[in-house]
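Taken from TrEMBL as is:
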DOMAIN    1-426  domain 'Major facilitator superfamily (MFS) profile'
TRANSMEM  57-76  transmembrane segment
TRANSMEM  82-104  transmembrane segment
TRANSMEM  116-138  transmembrane segment
TRANSMEM  150-170  transmembrane segment
TRANSMEM  219-241  transmembrane segment
TRANSMEM  253-273  transmembrane segment
TRANSMEM  282-304  transmembrane segment
TRANSMEM  316-341  transmembrane segment
TRANSMEM  362-382  transmembrane segment
TRANSMEM  402-425  transmembrane segment
Amino acid sequence: MERADETIMPAVYKEVGQDLGASPSQLGYLSFIRAFTQSVSSPLAGILSLRYSRPSVIGFGTLFWAVSTIGVAISQSLFECAIWRSVNGIGLAIVIPSLTSFIADSNSEDGRGLAFGWLNLVACIGGIGGGTVATLLAGHTFGGYAGWRVAHVLIAVVSIFIGLLVYVFVEDPKFSGRTHRKLHEGKDDLGQNHILSISMWKESLHAIRTVLRIRSFQIVVLQGLVGSIPWASMVFFTMWFELIGFGHEGAASLMVIFITGCAFGSLFGGWIADKANRRYPFIGRVMCAQFSSLMSIPFSWFLLLALPQDSKRWSWYAATLACMGLIISWCQACANSPIFADIVHPSHRTMIYAFDRAFEGSFAALAAPTVGILAEQLYGYRVDMVIPETGSKIEAFALSRGLFTVMAIPYALCCLFYTPLYVTYKRDYEAVNKSALLDEEGIYKQAFE
């Protein structure tokens, strides 16, 4: 549902732009506002997870983003929509790091790549559902309400239901043992511990300092700063397909194919990285990530520049997007998420995922506005020349050039920035395992005393 909530707005950019009178750069700012608010709010997830069970944090964040999604649906101006999109980012910020650390704690070191692959697969299913529903409803009205507004309300209602299920039924493995129940007594439900307590903030600051000093974390964040930009710019894919002339159904089906390819690609990438890591410890994951990011450049070139922008070539686009998704989607599942779980103490895992989101998201938030600005100012995109029924080949050409500019260079830098991990990953892994062993010995010594 988190991914569905993220994808519905980009899927209806064209309709929102017509309804609210927004240009591509203004639509890009809607994505920028949500992504930037999400990134700067992400540390909240790490702070809350130190004291409260993650299912309760996830449930609360889900409710928060669902209410803001309804706010987007009832917005009558671009300004109102921007306000609700910023609130939406706060809810997403709370949920995602908590969920990622939950998966890391629930799986062994040798199987985390595959586990994160499954997580991304399920998330992509949500993205397919959200994007497809929004795109198909966008061209219709229901009781006088535009289809894109109805799509937002539907996603919000289902999100509330899922959030309640998580809050009521999911158990946090961090609080499952007797030692942890004693150490965290009274802290397993949101609201039982005062969030403004001095001890909580001291503990949070210590965790933040610990995470930020880890060299491998700094390196992964550096590559993520540039590596997340292409993915953020892909929010314009649906609009680009419609400008070519594929229509709502054709654009929706192409996005389904691409997201499905990314889903299975992430799963395959996580699985192959687990295999590579067992055979080549501490370098196998890095090699897989570099391969995926490097191959993204020729795929982006072929899709955006080499293929004829002709609505009769739907099958060509479908085949390209399927292959592209299978290869370019490895990095998060095969390297980033498993490496983060390996280089910090288990109690700090949510914090490291939260700060990764904070740094990467704030930088990637610039991608969507940049694509819009490049398309308009450099490549000649004209808002008033877009034909809603048939699209516009000239505007599609301009948008594709803007997309490629924002995708190719960051992918090359991303591949390069992974390189120092060949040195730092093993060192940080050994350091955190030594620290965890000392902490465990101290806990058991106190228990016997």
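Quick reminder: no glycine exception, Cβ is built from N, Cα and C everywhere.
TrEMBL does not curate its annotations; it predicts them automatically.
A quick note: this is a predicted structure, and the numbers were derived from the prediction, not measured.
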* To do: Examine the transmembrane segment (82-104) against the transmembrane segment (316-341) and state whether at least 3 Cβ pairs sit under 8 A, considering only residue pairs 6 or more apart.
  => yes
* **Intrachain residues whose Cβ lies under 8 Å of the transmembrane segment (150-170), provided they are six or more past its termini** => 1, 4-5, 8, 11-12, 55-56, 58-63, 65-67, 69-70, 72-73, 130, 133-134, 137-138, 142
* To do: Go through 57-76, 116-138, 219-241, 253-273, 316-341 and flag the stretch with the largest number of C-beta pairs under 8 Å relative to the transmembrane segment (282-304).
  => 316-341
* Asked: Which value does the mean pLDDT take for the domain 'Major facilitator superfamily (MFS) profile' (1-426) in this predicted structure?
  -> 83
* **Outside the transmembrane segment (316-341), six or more residues from its ends: residues with CB under 8 Å to it** => 100-101, 103-104, 109, 112-113, 116-117, 119-120, 216-217, 220, 224, 227, 241, 246, 253-254, 257-270, 272-273, 277, 285-286, 288-289, 291-293, 295-296, 299-300, 302-303, 307-308, 349, 352-353, 356, 414, 418, 421, 425
